[in-house]
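To start, I am sharing the structure in question, which I have written as structure tokens.
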Amino acid sequence: MLSSSTKQALRLGSRFSRPATHIARASCARASTSAPSNPPSPEQPRTTSFGFRTVPEDAKESLVKEVFDSVASNYDLMNDATSFGVHRLWKDSFVSGLKPGRKGPMKCIDVAGGTGDIALRILDHAREKYYDRETTVDIADINAEMLKEGYRRFKKTMYHNTPQVAFHEANAQEMSKFPDNSYDLYTIAFGIRNCTSIPAVLKEAHRILKPGGTFACLEFSRVTNPVLNSLYDQYSFSVIPVMGTVLAGDSASYQYLVESIRKFPPQPEFAQMIRDAGFATGKHEEGGAWTDLWGGIACIHKGVKL
Amino acid sequence: MRPAMQNIAKSSFNNCLRLSKPSVQRSVIAFSQQSRSTSSKPNYEGHVPLSWFQTGLLTVGSAFMAITNPRRGDMVAALGETTAGPSLSWLRDQMLGSAEGRKILKERPRVNSSTVSMDQLAQLPDGTLGKAYVTWLERCGVTPDTREPVHYIEDPELAYVMQRYRECHDFYHCICNMPVNVESELALKWFEFANLGLPMTGLAALFGPLRLTPQKRARLFSEYVPWALKCGGSAKSLITVYWEERWTQNVEDIKKELGIWDAPPARWSRPLSEAKEAAERRARQASEGASNLKTPNA
């Protein structure tokens, strides 16, 4: 019996591959997470954080799915509203720092890339700066609703129905349908904190990248300046859920998103996790392995597979 | 985040476009269960404590949303709650001033399809309030189950008063014999403003007509508004009426007692699909429940 998300994916045509989610959930890696989890015992299930709540590991995926099913149709509007459009600057910085297409056509994969912001920027950058129309981006996302939005948005661009973009429903922790050593660039923007197990995501990223390939992650992170941090917290917890209620009729999803930012590991810790997965990074300091944007509100982490 | 609540968002402003939004019910439960920016605990189920700053933000935001997209019943409700101010205390005092009102405050009756038996009411003789109510519900194709619960009022008793006002809105429709199209809703908002004085009804009364065509607006102000102000202003405060105890009473007698007379004739259109959808949903849930019972134990 096909789930409705599967039916949707199949309806949307050959661009969508067979959804791997039902397989993915069963074989989801049970590595430890960054959040404090209970010591595993025979009876007690492993737990992870869902915002400030603690939930069984198995539950996080479906809870996150509910969040993104709910926000998908308003995702871009809410991004613009809550960040006052600044997220566009961050994404521009992120992609232009990667210089896709500089050394010839690249095979890129944008994970948790649902609505296609990064993929579109990669393709545009390669085209405009390097006259490159052979670079391809595979957009992978666990959530069919987000992919649907991305597919819809891409229809407005020149890449629709070209080999340059493809949409895949896949779990970042379990991407077995993507072969080893096949990508030059792996990007994940504002998605990794929603994954149940960050080490599993990093491991898969390492596997599917070619030697010499780049791993790049754009994510909300810790603000170092205490004054800015206090203002940022106030804004996040007071304003954003109310904006969610007004604009999207959904404050809980935005409450989760805001809380999940606080639960994500700080920059040095995450950089170490990237190294533990087998990547080589820059020096273990700001400007090396990671680059803070807007004081640390967002941060770009990069690593290279040796 | 499982939807546990019975009531879902309803537009009390533009009932031609009644829509339910499942994400709202789920989101509000989750919001009140998760940590909030203010450290206060909820005072009642569904209560979402907000700081004064958030309340201000919500007022402005919901006002904007309510006028641009009246389908967002949750925003109309939120605006009503954030702008209520002292009017709810005033209404509560009115209720305390009458024996019937005091009984309502003590017993806190709710109006939805589980507390009000539609089948029983349908069997009452013609001319009774119960029969008139059920007939009106069917004629308009609506159900009492789509009222947004109260979230942003601090005091539980005042939250109940607000909830009672929302749930009795359909009774006002029934007693004044008005359908659920936009003109009639606006006429009723004028009536409620004159009778109850809630700021939200005033806002709706002032800004709602902007969404009407000029002809309908002209009719509203020439015929309905004078009726609404005269009738609403002189009638007994309807928040003190214990409708559930008056099912068998004759409608005309009730109207005489309350000092209400019929509005100018309105345009009745086809029934909405709201009630039908709700009935189908209930039937589906009932059959799922029955099939679960039939499943043999492993």
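Cβ atoms are placed via backbone N, Cα and C, with glycine included.
For A:Thr115, A:Asp141, A:Asn171, A:Ala172, the entry in TrEMBL reads S-adenosyl-L-methionine binding site.
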Sort A:Asp141 (S-adenosyl-L-methionine binding site) into helix, strand or coil using the DSSP assignment.
strand
With every protein chain in view, how many other Cβ atoms are within 10 Å of the Cβ of A:Asp141 (S-adenosyl-L-methionine binding site)?
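Around the Cβ of A:Asp141 (S-adenosyl-L-methionine binding site), 27 other Cβ atoms lie within 10 Å.
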Let me know the largest Cα to Cα distance in Å among the S-adenosyl-L-methionine-binding residues A:Thr115, A:Asp141, A:Asn171, A:Ala172, as an integer.
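16 Å is the greatest Cα spacing among the residues binding S-adenosyl-L-methionine.
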If you count, for each of the binding-site residues A:Thr115, A:Asn171, the other Cβ atoms lying within 10 Å of its Cβ, which residue has the minimum?
A:Thr115
Going by DSSP, is A:Asn171 (S-adenosyl-L-methionine binding site) part of a helix, a strand, or coil?
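Going by the DSSP assignment, A:Asn171 (S-adenosyl-L-methionine binding site) falls within a strand, counted as strand.
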Tell me, how many other CB atoms lie within 10 A of the CB of A:Ala172 (S-adenosyl-L-methionine binding site), whichever protein chain they belong to?
25
